[in-house]
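Below: the structure, in structure tokens.
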Amino acid sequence: PSPPDGGWGWVVVFGAFVSIGFAYAFPKGLAIFFKEIQDFFGTSYSEIAWVSSIMLATTYGAGPISSILVNRYGSRPVVMFGGLLCGIGMVSAAFCTSILQLYICVGFITGFGLALNLQPSVIIIGKYFLKRRPVANGLAMAGSPVMLCTLAPLNQFLFDNFGWRGSFLILGAILLNCCVAGALFRPIGAATTSVKTQATKEGKATLKEEVSKDAMEISSPMNIHTETKTEEEGERDCCEKINQYLDFSLFKHRGFLIYLIGNVLMFLGFFAPIVFLAPYAKHIGIDEYSAAFLLSILAIVDMIARPTTGIIANSKWVRPRIQYFFSFSIAFNGTCHLLCPLASGYTGLVVYSVFFGLAFGMVCAMLFETLMDLVGAARFTSAVGLVTIAECCTILLGPPIGGTLIDTFGDYKYMFIKCGAVMVLAGTFLFIMNYYNYRMLAKEKERKAKEEDPKSVRTENEGRNDWNKETAEDGPELEPLREEQEGLKKEVNGT
């Protein structure tokens, strides 16, 4: 079914707002407990950073599993099951007696539950929206800063009153709200139809088949194509069945490869500054609530930046070249990290949090929109799964590398410099390669236009006119067939 671009879609956006918000904000909000857990278990910065890293890496690495489950069962049951896993993981973490058990309960179980929340929420928005998709994505992505703005002070309040074990129990119950959000993901086109409508459709289908038999005799190349297609479907083996859920032909797509390489590099420095922002503030002598408030400031700015970026990206000036805008956002994010060591005192960290929230919101608002712009809505499900499993390696290594730099030099500035340099490099790479991709696409289009012989174009047009005259005499019942053939020709030309 065609995307309705509204209606129940806005309820779906609200459900995605909740589930995406928990998926992105929850690993960052847990940083409030890191200092106390580190003292409780007697671990180093790099060891405690593995908790968030494993959770984030599992959230992204389980992307293909999530995509396969969505293709098989739909978004609604997958999100509800993911919310249940999140609650079980956090409740189990409240009874952990070692850092290794925290890795399993918080990192793997809760992280896998968040993965089952993230992918289906992004995928179902693409099914409900087309023209307003950037705006819908921006509103759904705004769930991350809203949740982070709420979770940062809430976690500090829970810790002061219940300790980190009691806080994990309460957070496990809060995460069960993802099940409610998943219940809102009604499958598109699932409305019940009357028997009369079904009978009408069946009658049209039979008439269409009869008309198609006569018409396909005229269009022999198309008939050969359908016969070979049915033969290929009959001979489909195990690898082809896997490719049905994950389209590995995307690795031949030039734009997809550019996006993949740039994002894998970017995530090496994307999450570490958020994970260590509150501990850094406590390290320089800022009190706990003020340190937690830095995350709230970042989240408030992020909350405004995401929908605003979605509106800007949907404009007629930016959307045709949205890849450039995405590259600029990544480089701007890295520049903020490079300038962070210059911030001295709480006022400087507030200014850094404001600019960081703006840059972070810009990147997150366009993270999936740019991918859908490259591969299209039909291949987007597979593309998300393949991208996230490739990104999970750098997501896993980013915060521990930052923690190792802090342990080695005893200073946080080297961690911020590393993250900033990596992100500036990723933004520059994407800008240059997207420019190259746009140029190559333009040249390929011109080459195809030049390769067409004017005589062959003329004969093709004459044949098409003769076909239109013959079908016009047969009556209007062949009109849907002509529209289908024109659509098939456009798809073949596009491929």
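Including glycine, each Cβ sits where the backbone N, Cα and C put it.
As written in TrEMBL, here are the features:
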type     : residues : note
COMPBIAS : 445-472  : compositional bias 'Basic and acidic residues'
COMPBIAS : 479-495  : compositional bias 'Basic and acidic residues'
DOMAIN   : 9-438    : domain 'Major facilitator superfamily (MFS) profile'
REGION   : 445-495  : region 'Disordered'
TRANSMEM : 6-27     : transmembrane segment
TRANSMEM : 48-69    : transmembrane segment
TRANSMEM : 81-114   : transmembrane segment
TRANSMEM : 135-154  : transmembrane segment
TRANSMEM : 166-185  : transmembrane segment
TRANSMEM : 256-277  : transmembrane segment
TRANSMEM : 289-305  : transmembrane segment
TRANSMEM : 325-344  : transmembrane segment
TRANSMEM : 350-368  : transmembrane segment
TRANSMEM : 380-402  : transmembrane segment
TRANSMEM : 414-438  : transmembrane segment
Relative to the transmembrane segment (135-154), the stretch among 81-114, 166-185, 289-305, 325-344, 414-438 with the most Cβ pairs under 8 Å is 289-305
So which of 6-27, 256-277, 289-305, 380-402 has the most C-beta pairs under 8 Å when paired with the transmembrane segment (48-69)?
-> 380-402
Mean per-residue pLDDT computed across the domain 'Major facilitator superfamily (MFS) profile' (9-438) = 78
